[in-house]
Amino acid sequence: MAVWPGPNGRLWIQFADQKQEFNKRPTKIGRRSLSRSISQSSTDSYSSGTYNTHTHTHNLPAASYTDSSDDETSPRDKQQKNSKGNGDFCIKNIKQADFGRREIEIAEQEMPALMALRKRAQGEKPLAGAKVVGCTHITAQTAVLMETLSALGAQCRWAACNIYSTQNEVAAALAEGGFSVFAWKGESEDDFWWCIDRCVNLEGWQPNMILDDGGDLTHWIYKKYPNMFKKIKGIVEESVTGVHRLYQLSKAGKLCVPAMNVNDSVTKQKFDNLYCCRESILDGLKRTTDVMFGGKQVVVCGYGEVGKGCCAALKAMGSIVYVTEIDPISHCPIMDGFRLVKLNEVIRQVDIVITCTGNKNVVVREYLDRMKNGCIVCNMGHSNTEIDVASLRTPELTWERVRSQVDHVIWPDGKRIVLLAEGRLLNLSCSTVPTFVLSITATTQALALIELYNAPEGRYKQDVYLLPKKMDEYVASLHLPTFDAHLTELSDEQAKYLGLNKNGPFKPNYYRLRTSSDQFNTT
């Protein structure tokens, strides 16, 4: 530190590192890119060598980021091949494979159950002969699942269930590894269905298992290739929306193969829906809007496990939280300290609106017109049907893209709302979710595929089933060593008293949390 006299007898003080630190600041900010670093997802980062004003850190060189180039050519118009000459894929840029591989290796460290399953079962190859077509979020965690399925003997072809959630570098790593992947971040609606069709429609290749997230893949096969179901052994579905579609097919007598509802597995519900959303709602909102939560008035539509997680996080940050629900049994928000209201009672005063019902038209144009200036509107449910975004695409309203996945929709009087991810799933479109949580989901999906694929004829009929409780508990047990956690064992006398097997299952098959068929809440 240097001290010397200045004008008027004042002392000037300069710290040794002050000048050096000041010189680090560039004169202008580089453009935003739809990007993601090697070690941390960020759909709102800057290009190479620029100063990130949100985190006050320098970013890695541009080569480590997805979409850092100005190449706007559609992947459908490119001819790409991996190092082995295989071109059966369609992704953004195969050159990003090395960065994607590092992402996958990082994810493996936080997915202990899936890695344990891979190690235990790869010698037996329980999925030998399985041809799995999948439609899920294509992330590093999904890549660990796909590579596990491959290690267990399956062939896989994959598309994305969300046009914004694909990690391009991970898709590149999968393509380099020989997987047929058709997905990139920022697909159009037409691209989305084209990618699904490319997954399914391949001469000489017939899927015999479906792994779906949202039901779009199942819907497409029913619509375009119904004869494929003659060879398909089963469907595994993990979302509220997709499970609801399956129950509708079953009720109408149109479900022609067994389906496994893994969304309502207790372990998955708790971790993926409750604990995951409790963390990722704040992450998604903070990355996109830089909002301070303390004192904000928030309305959460739906009090299922996702809604519970969002409410708990926002309450802990000092927000004033309201909840909307249709189910009279779900008076839990009142007992948890939240006000149960109708949306029209609070729509003019709230600062943030979050939907997590799985339903359609929860926030319609009437509510959007009545929102206050600057209100943030987002969706934590799987589908983009909850917010009536289509009603905002009218001549009198102006759309301004202010950053990746953030739009200002401006009314003629100057009022604007902040719409995130165009009403699509906030956490996977705008941030990330904890890898450990996805280990639970992915392991559950893998076990469901193994169960349906190897089940003897007649065990499962053309209906929707829950994952057997024994398997559900097995998934949970595989994660306990990570926490150095130790379960208490029942004595013979205690097990007899409770009428249980000492080794489980400890819950009856009918035990479950609030289920997908119960969660289609409106306002």
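Cβ from N, Cα, C; glycine included.
So that you can see what the record holds, here are the features copied from TrEMBL:
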- 23-89: region 'Disordered' (REGION)
- 25-34: compositional bias 'Basic residues' (COMPBIAS)
- 35-48: compositional bias 'Low complexity' (COMPBIAS)
- Thr139, Asp213, Glu238, Lys268, Asp272: substrate binding site (BINDING)
- 273-433: domain 'S-adenosyl-L-homocysteine hydrolase NAD binding' (DOMAIN)
- Gly304, Glu305, Val306, Gly307, Lys308, Gly309, Glu325, Asn427: NAD(+) binding site (BINDING)
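Glu305 (NAD(+) binding site) has Asp272 nearby among the binding-site residues Thr139, Asp213, Glu238, Asp272, counting only those with a Cα within 10 angstroms of its own Cα.
Note: Val306 (NAD(+) binding site) has non-local neighbours Asn273, Leu274, Cys277, Cys356, Met380, Gly381, i.e. same-chain residues 6+ apart with C-beta under 8 A of its own C-beta. Lys268 (substrate binding site) and Gly304 (NAD(+) binding site) are 13 Å apart (CA-CA, integer value). Other Cβ atoms within 10 Å of the Cβ of Gly309 (NAD(+) binding site) number 24 in total over all chains.
The two recorded residues, Asp213 (substrate binding site) and Gly307 (NAD(+) binding site), show a Cα separation of 19 Å. When the Cα of Gly307 (NAD(+) binding site) is compared against those of the binding-site residues Glu238, Lys268, Asp272, the shortest separation belongs to Asp272. Shown in sequence order, Ala107, Ser165, Thr166, Gln167, Val170, Leu428, Thr432, Leu438 are the residues of the chain, 6+ apart in sequence, with a C-beta less than 8 angstroms from the C-beta of Thr139 (substrate binding site). The Cβ of Lys268 (substrate binding site) has Glu238, Val262, Ile440, Thr441, Thr444, Val475 as same-chain neighbours under 8 Å, each 6 or more residues away in sequence. Listed in sequence order, Glu238, Val437, Leu438, Ile440, Thr441 are the same-chain residues at least 6 apart in sequence whose CB falls under 8 Å from the CB of Asp272 (substrate binding site). Computed over the domain 'S-adenosyl-L-homocysteine hydrolase NAD binding' (273-433), the whole-number mean pLDDT of the model equals 93. When Cβ atoms from all protein chains are considered, those within 10 Å of Gly304 (NAD(+) binding site) total 27, not counting its own.
Over all protein chains present, the Cβ of Lys308 (NAD(+) binding site) has 26 other Cβ atoms lying within 10 Å.
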